[in-house]
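Below is one structure, written out as structure tokens; the observations come after it.
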């Protein structure tokens, strides 16, 4: 019993350093919000302007890697000896469910406004050209390219899971073929894991920072409760308590049911917006946007704007590529886990087609609705953002639909469930990554999960206190830098090991 307790306890070398680092950064930020904003702006400017090109080349190189997997020597290799664990339909549905987070609802509803009001390529703000390119840029940033990079890492983790039979809970476990067991399990591996965990903590905190205002703004619209930072903090605290109760009472089945409800409700809400907003316009706009995407794709891939220095690629392309980089390991581990028994080609094609369809549907329906509301002067988004913030503007794009009360109730429930499952996933992932050993069928310790959910909640509150999107963008970009190198090392380790051990 003593030995079992030791194995399932925390791993100090990857538990305390991220806890201390993140705690100190939060304390310094709260101590002087104005000074923190100055530092945030400086970090954002440095990383995006000096290293933005690296993120763009990373995505392009990983895209070539995807083609190598699909048409190369490993295309027909099977990831495990068992038949696929899930049917193809269930598999794609699970991938769709992973896309319908509250943060996705946040960006899907408002992103197009920023592209139209501050467009790329020197276009005039709010011009016809800017509107024609608006959705096309969303399709680029949330389309096949990033999902192709995820599929490469998913193949890598699935290979380590099901072919090499490795128990991977931290990225250092995959680096043995690249740097050797001594370094992978020593100081180097510990540093890699700590980079991963610190970045992941901030990424999850930013997702919570995006999701919470949507729920509190819904509460203001539905119940007349004023939206304040204190209300945001109360809501986050309630989610943490609810998560703790679910874990303590063994209600994980309930959380899984909530995830299914979230997916079905997402389909229902998107279908409603599609029908009442203007199905014909949405399909025409999508078709035109695909053409614009194909026409501008080379420029989008390598757009850094070094001459005009308008800031668009730094604020959006580099930000989103960092977003994809920072979530790559966590998402790839999940996608690998549900892909047992599939071939490399199946996984790569299934991910790119299934997940691209999911994100394109979300962005097309929500973005088109927002554009229609802007064109018809039904809502004044710049005024709403200036007076009340971005979350209120998003809420008004939903409230402007027919049967507004029923629509808002649906959106409120969707955001609430999405954030409950987000907090649960955050605490589970971080607890798994900071424990010595958690075997199949076991849960990480309750107190560890609660502790991480509290810390993620604190980060969300701190980012909300700073105000605006820049702190959230900076947290993602700064966290994406170390993960950029970690992802490359995992990729190289897979390639090296597969060449030696994955032969006919």
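Yeah, the Cβs are placed from backbone N, Cα and C, and that goes for glycine too.
In Swiss-Prot, the transmembrane segment annotation falls on 143-163 of the listed ranges 143-163, 164-184. Swiss-Prot assigns the feature transmembrane segment to residues 316-336, out of the candidate ranges 295-315, 316-336. Swiss-Prot tags one of the stretches 116-136, 263-283 as transmembrane segment, and that stretch is 263-283. Outside the transmembrane segment (398-418), and at least 6 residues removed from its termini, the chain residues within Cβ reach (under 8 Å) are 100-102, 105, 109, 211, 214-215, 218-219, 221-222, 258-259, 261-262, 265-266, 268-269, 272-273, 276-277, 369, 373, 378-379. By the count of Cβ pairs under 8 Å, the stretch nearest in packing to the transmembrane segment (316-336) among 143-163, 195-215, 263-283 is 143-163.
With Cβ pairs under 8 Å as the measure, the transmembrane segment (10-30) is packed most heavily against 195-215, out of 143-163, 195-215, 263-283, 475-495. As a quick check, the transmembrane segment (143-163) and the transmembrane segment (263-283) miss the bar of 3 or more Cβ pairs under 8 A, pairs 6 or more apart, so the two do not touch. Taking pairs at least six residues apart, the transmembrane segment (475-495) and the transmembrane segment (92-112) share fewer than three Cβ pairs below 8 Å and do not count as touching.
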